[in-house]
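Here is the structure we will look at, set down as structure tokens.
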Amino acid sequence: MYRPSTGLLFVLPALIVLAMLIAYPVAYTGLLSVTDGQGNFVGMSNFAKVLSARATPQAFWNTVYWVVGSIVFQVILGTATAVLLNQTFAGRAIVRSITLIPWVVPGIVAATTWAWMFHTEFGIINYMLTGPGIIDQPIGWLTNRDTVMPVLIAINVWKLFPFVAIMVLAGLQSIPNDLYEAARVDGANFWEEVRYVMLPQVRPVIVAVTLLLVIWGLNSITIIYAITRGGPANRTLITPIQIFRIAFENVQFNQAAALSVMFFAVAIAIVFVYIKALASQPREAR
Amino acid sequence: MNSGTQNAVAGFPALKEEGGLKAPGLGKPLIFVGSVLVVLVCLFPFWWMALSSIKTLRELYTIPPIWWPESPTLGNYYKVLFESNIPRYFLNSVVISVGSTGLALVLAIFASYGFARFDFKGKPLLQACVLIGQLLPTAAIIVPLFVTLRVLGLVNTYWGLILVYMIITLPLSVWMLTSYFKAIPVELEEAAIIDGASRLGVLFRVTLPLSIPGIVAVIVYAFVTTWNEFIFALCFATDSSVKTLPIGLAEFSTEFNTDWGAVMAASVIMTLPIALLFLSMQRLFVGGLTAGATKG
């Protein structure tokens, strides 16, 4: 009773909008990257210029540091929180709601609030650490080259671990009860249950969430841009911010496009390898 | 009618009763310490933000920091509401978020219905394309998007941002609604069709009324995402007549001498609507979001 063309008609408006906003710009980036400001074909010279800039490799490694550092802690803390919230205790619903708050608030609000808390002179964090003598003098968290990236990663972890927690929690709650019972018959204690029942069962959720976190990590400009704009001394410059700088501060659209093409290729490669690795994994027996 | 399906999809996964054997769990003290820690970590920044927003300049800039302001003031809020562009940016944010949420919702309803109820050539491929849209690194397309918008004359217009936000909101909205529509028994629609209803009639009179929780989930998701969005707004809205709140906040805090009291007050103003919306809708929202994850 369903005619094939009707379905396509329903889907078409959304697809046209997405094609206009995604497919066309992606293709256009390719064109921009091999032309100059007047539209003349210039071959690979934009790529050469971008690659010879000192900031480019630095931004690349900063991006890797930022994404990997964020994800490791987001997944560990998020999963731990999910295991905690999977316990039955009074007030659990309230704790669960509160956990979600960091994820929902605007990234820019998180950035400014944490920037104020990490303020060198008047920040509450330096005060809390100097008080009991954990550090002897205030640290310039956001101006010191060695502390700035870890601090930004910590803020990013704070912002997104709730998302991991809620997704993993949903996975935990869909585990069939007989798996727990089988483990209990075998005399498993709590940590063995976590190790042999919960973690294997939620692995697909964690894997899917990790992919989303990689994408979000590659896209996340807000926190870094709002707090440091890539400084000090390019220590927190990640590739998306470099693209933004080249395009809108140096107004070199063609070089920015060249960098975009490379960034895009790397991102797609990561997603592809990841999905491929997913597909080849043996399915968990249920 | 059909409330069982709705609750299963919309609500949190039902809490499990521990039956039979005694369940080994975390000890009570450990649960308590863990919960307190999680709550403190999540809430302290907001507590500090609210507290800082009612401090006077003198109290903000003292060492050691003051926990309780002795003379709480609304001066920072006054400054933000009457002496800055923030109210205008607030209005811009509302217009853009509502506009793009509405547009995404309409497009997503049709597309999801098409994906959920019809079989046509290339459907798996098209569905994959929509999902890939969600995985796109947005930073890689800001340059060509800017050029495209400039050609269309949409830079620094409401429409420019409303359209661009489709990239972020539409793919996941389609994904969420498709799995929601699929959960509604097709027999209900077939009955209506036998009674002579048209396809659109079925969609609007039968399917949509049953999908209210899923639609609310999409609305909350799209609104929160666009309200919070930063980088597109930074690139495509450079005139104060269209700048959104996140940009306004960034402007406040990046000048050489940051007025932290005003920044914190503006942060509170910006957070409140989103926190209220989310906390009142979170059951629906989280249910809609996690439904796909646990079934996949």
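Note that the numbers count up from 1, one per residue, in the order the chain is shown.
Here the Cβ of each residue, glycine as well, is placed from N, Cα and C on the backbone.
Annotated domain 'ABC transmembrane type-1' per TrEMBL: B:90-281, in sequence order.
Summarising the annotation, TrEMBL assigns transmembrane segment to B:30-50 (among others).
For the transmembrane segment (B:89-113), same-chain residues at least 6 beyond its ends with a Cβ under 8 Å from one of its own Cβ atoms are 130, 158, 161-163, 165-166, 169-170, 173-174, 177-178, 180-181, 203, 207-208, 215, 218-219, 222-223, 226-227, 237, 240-245, 247-248, 269-270. Residues or ranges marked as transmembrane segment by TrEMBL: B:89-113 (among others).
What TrEMBL records for B:125-146 (among others) is transmembrane segment. With a threshold of 8 Å between CB atoms, the same-chain residues lying at least 6 positions outside the transmembrane segment (B:125-146) that come near it are 111, 115, 155, 164, 167-168, 170-172, 174-175, 178, 231-232, 235-236.
Tertiary proximity for the transmembrane segment (B:158-181) is limited to same-chain residues at least six positions away from its ends with a CB under 8 Å from its CB atoms, namely 9, 92, 95-96, 99-101, 103-105, 107-109, 111-113, 115-117, 127, 130-131, 133-134, 136, 138, 141, 145, 149, 152, 207, 211, 213-215, 217-218, 221-222, 225-226, 229, 232-233, 236-237, 242, 244, 288-289, 291-292, 295. Annotation comment: TrEMBL describes B:158-181 (among others) as transmembrane segment.
Sequence annotations record features per position, and here TrEMBL assigns transmembrane segment to B:202-224 (among others).
The feature transmembrane segment is assigned by TrEMBL to B:260-279 (among others).
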